[in-house]
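Participant: Pasting a structure below so you can have a look.
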């Protein structure tokens with residue numbers, strides 16, 4: 001069987017599984033559509049949360065980001081997991097006790113203000129829409145490479161599958177497909193890693209392999225890696241980074257993670273407050289299986305790539321272009337891997353031509369610039385091919401990448417559609433809508449959101465990469481502080497919260513637009529995006545914590561100057577702080 | 001709901017355990033993983049140092065332990081203060 005048929009078979013089987021689950025778990029009520037009737041077991045919810053959270057960015061991009069610079073990008077590992085500690089300790093149990101369906105609904109009730117709720121809906125939609133674009137483009141890349149269809153055809157197939165289980169099943173259908181998608185993606189991610197770890201170190205557990213001895217070289221793998229990358233002019237893999245930038249960026253990712261609405265609403269689906277606490281722990285266990293594997297994948301792939309290009313060691317001449325392996329040929333077609341023979345010797349020189357100290361060595365060896373550019377995103381997808389693993393492993397990686405992208409897309413789409421049907425239509429525009437009517441509106445909103453997401457995926461705005469920074473920045477600066485204050489302070493009132501959210505939202509947007517262009521349109525930035533221009537040296541991607549700080553300051557300051565919240569709101573805060581009585585809470 | 005002084009004591013106990021957990025959370029990630037790494041560089045781990053291990057693996061393992069410990073602790077004091085879900 002050829003590779004193409006194998007890919008088609010494995011991806012097709014995974015899609016059939018998702019659709020089967022969708023038909024089995026149709027939603028019949030709004031309680032099922034929004035919160036899976038609060039009947040999801042905490043371990044199951046942990047697994048679904050893991051798939052919901054781990055997106056194309058985690059599955060496809062993260063190991064590549066780490067492989068590129070090594071230690072410095074540990075920020076992604078700590079940032080994207082540390083947020084769960086905040087979620088488990090500061091938000092999830094109390095919001096589950098509150099017992100409603102959406103994040104804006106809590107903000108509206110706690111701050112007794114339709115205006116606050118509307119601002120929250122706006123933040124939620126900006127965050128979720130920008131996030132979903134990345135998932136759709138990720139699905140498109142996986143489709144075009146492995147199933148050899150046009151990106152557009154692949155996208156329509158992907159959205160048709162999401163349509164079936166998200167529109168039919170709502171949160172219930174999404175939950176059980178996410179459990180299946182987690183299983184697919186974690187198997188797909190770890191199997192190649194295990195093979196490669198055995199090949200390089202003899203240790204079958206990749207996180208242990210990372211710190212083991214490289215069998216061939218007889219020295220620790222990381223030491224060997226440090227040596228070959230510095231021999232090619234790159235910074236040492238385990239080398240030190242800027243302490244301030246790493247700290248702020250990690251903090252930005254942690255607070256942002258805890259403020260993402262599509263992750264928060266997953267904790268509304270468990271039966272009890274105690275389950276919400278356990279469930280956050282299980283979610284992190286399932287996430288950690290991938291996150292502990294990723295740095296091993298990154299380091300080992302970097303070593304394997306250099307080994308492929310310099311088969312006789314980095315001191316010897318590089319491989320001839322005509323002798324390049326098949327995986328390079330395959331990925332050249334996608335444009336994500338490029339070769340340019342600058343010195344016309346027919347060989348692939350790969351080194352850091354930006355390092356001033358390395359120029360002399362390069363000239364001596366007759367090199368006139370780096371000749372190979374590799375997009376970080378291909379690293380995980382190409383990994384099995386680079387390590388020459390069997391064909392079914394390559395098919396599995398394709399199914400895994402799609403599972404990661406689709407599971408996150410579905411969670412985001414649910415957050416968007418419930419904000420529209422519940423916060424806008426049911427509780428604002430048409431308050432006396434029937435339950436059946438609301439369910440219908442929720443389905444239509446879901447279908448509409450899928451359509452918009454597909455269109456945006458087909459024509460990804462050139463700023464897709466930057467908008468992820470916007471999603472995290474806004475979640476950190478607007479949603480997280482206002483939720484935390486709503487639970488931990490009885491004093492913060494509607495004026496303080498609304499103003500705090502608006503300040504967080506606007507200042508964060510302005511800071512990003514200043515360096516990345518107004519609405520991310522290239523060329524409209526007022527200052528060049530270089531460290532010398534940053535306020536106190538803070539890069540735009542790490543601005544979230546500053547926005548959060550301003551949000552807190554404005555909210556506490558204005559609240560202190562104005563009236564304290566009414567009695568019934570203070571009672572509400574009292575009641576969400578204790579678990580007793582959670583079972584009784586319903587949608588209204 | 002229990003009477004006011006007992007529910008205040010419950011909340012104070014919760015705030016205390018949250019503070020302890022978040023201090024550990026910050027020390028393993030921002031401390032050992034980033035800011036204190038130069039100090040930990042004397043302790044070698046598999047070809048590099050302890051700070052690198054905390055940044056890529058150790059902090060994640062501690063995060064998991066923290067969440068499970070918090071869940072266990074809170075579920076216990078929920079019963080002690082009589083505010084658990086029956």
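Glycine is treated like the rest: Cβ placed from N, Cα and C.
Keep in mind that this is a model prediction, so the values were computed, not measured.
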Participant: Looking at A:6-25, A:26-45, which one is transmembrane segment according to TrEMBL?
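Facilitator: Matching range for transmembrane segment: A:6-25.
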Participant: Can you check which of A:364-388, A:464-488 TrEMBL lists as transmembrane segment?
Facilitator: A:464-488
Participant: In TrEMBL, which of the ranges A:46-71, A:306-331 has the transmembrane segment annotation?
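Facilitator: Here TrEMBL associates transmembrane segment with the stretch A:46-71.
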Participant: Which sequence positions outside the transmembrane segment (A:115-133), separated from its termini by at least 6 residues, show Cβ-Cβ distances below 8 Å to it?
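Facilitator: Here the qualifying positions are 55, 103-105, 107-108, 260-262, 408-409, 412-413, 415-416, 419, 423-424, 427-428, 449, 452-453, 456-457, 460-461, 464, 467-468, 470-471, 474-475, 478-479, 482, 494, 497-498, 501-502, 505.
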Participant: Verify whether three or more Cβ pairs under 8 angstroms connect the transmembrane segment (A:500-521) with the transmembrane segment (A:182-202), leaving out any pair fewer than 6 apart in sequence.
Facilitator: no
Participant: Could you tell me what the rest of the chain brings near the transmembrane segment (A:77-95), counting residues at least six beyond its ends with Cβ under 8 Å?
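Facilitator: Same-chain contacts beyond the ends: 53, 58, 62, 66, 103, 106, 249-258, 263-264, 267-268, 273, 276-277, 279-281, 283-284, 287-288, 291, 294-295, 480, 483-484, 487-488, 576-577, 579.
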Participant: With the transmembrane segment (A:280-301) as the reference, find which of A:46-71, A:392-420, A:500-521, A:541-561 contributes the most Cβ pairs under 8 Å.
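Facilitator: Highest pair count goes to A:46-71.
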Participant: Pairs of Cβ atoms less than 8 Å apart decide it: which stretch in A:6-25, A:46-71, A:153-170, A:248-268, A:464-488 has the most with the transmembrane segment (A:392-420)?
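Facilitator: It is A:46-71, which has the most Cβ pairs under 8 Å.
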Participant: May I ask which of the stretches A:153-170, A:248-268, A:500-521 has the most CB pairs under 8 A with the transmembrane segment (A:541-561)?
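Facilitator: Most contacts with the transmembrane segment (A:541-561): A:500-521.
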Participant: Six or more residues beyond either end and a Cβ under 8 Å away: which residues meet both conditions relative to the transmembrane segment (A:153-170)?
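Facilitator: That would be 15, 18-19, 21-23, 25-27, 32-34, 36, 136, 139-140, 142-144, 147, 176-177, 402, 405-406, 409-410, 413-414, 442-443, 446-447, 450-451, 453-454, 457-458.
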